[in-house]
Amino acid sequence: MHRLSKRSVTAILRSTTAARYREIAAPISSSHFFYDSADGDSKGRWYSSLTSGRCNVNGSIKPFKSTNTPFLGCRYESTAAASDSPSEKFEYQAEVSRLMDLIVNSLYSNKEVFLRELISNASDALDKLRFLGVTQPELLKDGVDLDIRIQTDKDNGVITITDSGIGMTRQELVDCLGTIAQSGTAKFLKALKDSKDAGADSNLIGQFGVGFYSAFLVSEQVEVSTKSPKSDKQYVWVGEANSSTYTIREETDPAKLLPRGTRLTLYLKRDDKGFAHPERIEKLVKNYSQFVSFPIYTWQEKGYTKEVEVDEDPAEAKKEGEDETAEKKKKTKKIVEKYWDWELTNETQPIWLRSPKEVSKEEYNEFYKKTFNEYLEPLASSHFTTEGEVEFRSILYVPSVSSMGKDDIVNPKTKNIRLYVKRVFISDDFDGELFPRYLSFIKGVVDSNDLPLNVSREILQESRVVRIMRKRLVRKAFEMIQGISLSENKDDYDKFWENYGKHLKLGCIEDRENHKRLAPLLRFFSSQSDEFTISLDEYVENMKPDQKDIYYIASDSVTSAKNTPFLEKLLEKDLEVLFLVDPIDEVAIQNLKSYKEKNFVDISKEDLDLGDKNEDKEKEIKQEFGQTCDWIKKRLGDKVASVQISNRLSSSPCVLVSGKFGWSANMERLMKAQTVGDTSNLDFMRSRRVFEINPEHPIIRTLNEACRSTPDDEEALRAIDLLYDAALVSSGFTPDNPAQLGGKIYEMMNMALAGKWGTVGGYQQQQVNQQSYIPETVEAEVVEPAEAGGQK
């Protein structure tokens with residue numbers, strides 16, 4: 001090919017660019033001129049974007065010269081010309097050393113997962129061999145068992161992982177280990193999918209092609225020695241953590257030859273040599289890879305007890321020799337002989353892969369205690385398999401006792417759900433992905449083959465699959481709890497409710513979609529059952545035929561709820577009222593709103609309808625006491641929103657009820673008690689209270705007469721104040737000035753008792769006399785002593 005010189009190429013480009021700009025019709029700017037000159041020509045020519053001709057320039061103007069390729073053709077090329085130019089395709093490039101650094105230091109959050117990843121790779125190699133051995137029996141001709149063996153050298157910080165799987169040829173070493181993010185397992189699965197054997201093997205674990213490089217989390221050098229049954233030679237791959245290169249050589253040492261499979265040798269970093277302890281390896285295998293399909297053996301130190309002879313002391317031997325008739329017995333002692341041997345570390349058959357019909361209750365309980373370190377048997381368990389759009393297997397448990405205590409409703413750091421993907425443990429650190437936080441007390445395992453995970457296989461990605469799985473797990477959890485509630489042994493659900501009742505009430509607040517499942521599980525005390533809790537179903541069954549609503553009252557205790565004045569008329573009518581005595585109860589019920597088409601009604605709120613309205617009688621009473629209501633409202637002012645005739649009282653003179661959309665007395669108390677609660681709305685809610693009076697009570701009738709005869713009487717007005725304060729306390733509210741309220745009560749007591757007993761009246765007169773006697777005593781002190789002596 002003929003090559004043009006740089007000068008020739010530059011001249012061609014410049015002449016082409018000049019020709020293009022002579023054809024431009026639209027002006028760019030009046031001040032833009034372009035210089036055109038040969039390299040040796042000192043007299044340049046300038047082009048203007050406004051004219052198509054050339055113009056001469058004087059020597060005072062210095063031309064712009066570019067030492068690189070001319071900018072004219074790149075920057076001012078017309079749009080039409082650019083669209084005709086061919087496009088070039090480039091491949092992404094990656095700096096291998098930087099990519100390796102990202103995998104080692106950024107991809108995995110926990111170093112100990114390196115063993116999980118390497119065991120998963122070994123399991124995939126065994127699975128491939130088992131599958132290919134069906135159609136190619138010659139691959140299994142050596143008769144080596146399919147297993148994984150892990151040996152450690154804690155003194156030198158070396159871990160060796162050996163599998164008897166399919167192994168790799170030299171080209172496969174280059175393709176799989178020399179190419180980051182190329183997964184041999186994924187390629188194998190794709191080949192299966194494209195063939196007639198699609199779906200024949202679903203136990204392969206690898207997906208992303210980066211699991212092997214997790215070895216560099218703890219290793220400064222990794223050596224991979226592998227022998228494929230398809231090749232006669234064994235090859236060794238060697239890579240270092242801080243290098244972007246690797247080496248491959250043929251194994252020539254007869255002592256290191258493998259019949260088949262792969263041996264990984266990890267030379268640990270100085271700070272990570274603790275992983276080479278046999279106990280540490282055993283613990284990691286049991287945590288992450290306990291249910292891998294193939295047996296995993298670890299090299300463990302063992303011991304057995306044996307008796308050995310002990311040399312006798314000469315002095316004791318001489319003493320015993322005196323008695324020749326006595327039979328001599330050799331002295332022995334027991335010692336522990338230690339040795340190293342392979343020990344099976346994992347269970348190859350997970351309990352959740354078995355049919356529920358084959359698993360006994362004792363096996364479920366034993367698995368629960370072993371997996372979650374519990375000593376008590378669970379209240380209930382559920383073993384199920386979900387198929388269809390999302391396939392997974394799971395075993396769920398309800399613990400007998402809350403591990404975090406009754407007062408800890410929500411623990412964001414629960415580790416109660418162990419997630420497995422293809423029997424390999426992924427994580428137990430979830431914050432609401434699989435279960436809502438109010439069901440965080442549920443424990444169990446979930447195993448799926450197709451969960452969307454991130455590359456490190458540590459984080460569950462949000463997706464439609466996860467949402468469907470979460471919905472089904474929640475439904476199964478509710479079925480399990482419902483089974484406890486329907487059990488013949490009522491103590492089981494009482495125990496459950498005592499430990500987890502608040503969790504379900506929290507669910508009423510947070511999970512509107514499951515209200516129908518939550519509501520039947522709730523339990524409350526009531527006016528007809530103050531010692532045992534009842535369900536909402538039992539309440540509905542006991543409702544009167546004409547009762548439309550479910551009545552409740554919120555209080556701080558069952559005793560307070562039983563003695564509240566709001567109950568008077570309802571008890572007369574034999575209407576049952578639920579007692580909400582937990583702080584969370586009232587908010588939970590307000591979120592439920594209704595149950596079986598029956599609305600929840602707070603009997604401490606205004607406009608209470610008991611279904612016995614008599615409009616004629618109400619109209620007559622309002623005419624009689626309407627003036628009194630206005631008189632009381634005028635005296636109380638902004639303390640109440642209004643004064644009304646009550647239909648809920650029978651023995652109390654008055655009561656203070658909350659507005660329809662205001663805080664109840666219980667809610668106001670809770671808002672005040674919160675250390676970071678917002679009390680800015682407290683004054684507004686206080687102004688929404690309604691003062692209800694009982695027209696049948698003698699006090700109200702007396703005040704009605706006072707209103708008509710002497711509305712400005714001071715004692716009558718003070719009686720209204722005291723009546724309001726008393727209603728404030730009896731209705732569950734807290735008075736603003738308790739000392740002032742106490743003074744009013746003492747004063748009214750004194751007035752009531754003054755004319756009944758003489759001593760009380762004398763005491764009152766004595767107080768008056770003492771007030772007038774004080775100045776006389778002062779004057780008497782001025783008397784001279786001589787006068788006193790003369791009188792004597």
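Using the three backbone atoms N, Cα and C, a Cβ is placed for every residue, glycine included.
Predicted automatically and left uncurated, TrEMBL annotations should be read as such.
Of the candidate ranges 308-328, 602-622, TrEMBL annotates residues 308-328 with the feature region 'Disordered'.
Neighbour counts of Cβ atoms within 10 Å were taken for the binding-site residues Glu117, Asp163; the minimum is at Glu117. On the 0 to 100 pLDDT scale, the domain 'Histidine kinase/HSP90-like ATPase' (110-272) averages 82 in this prediction.
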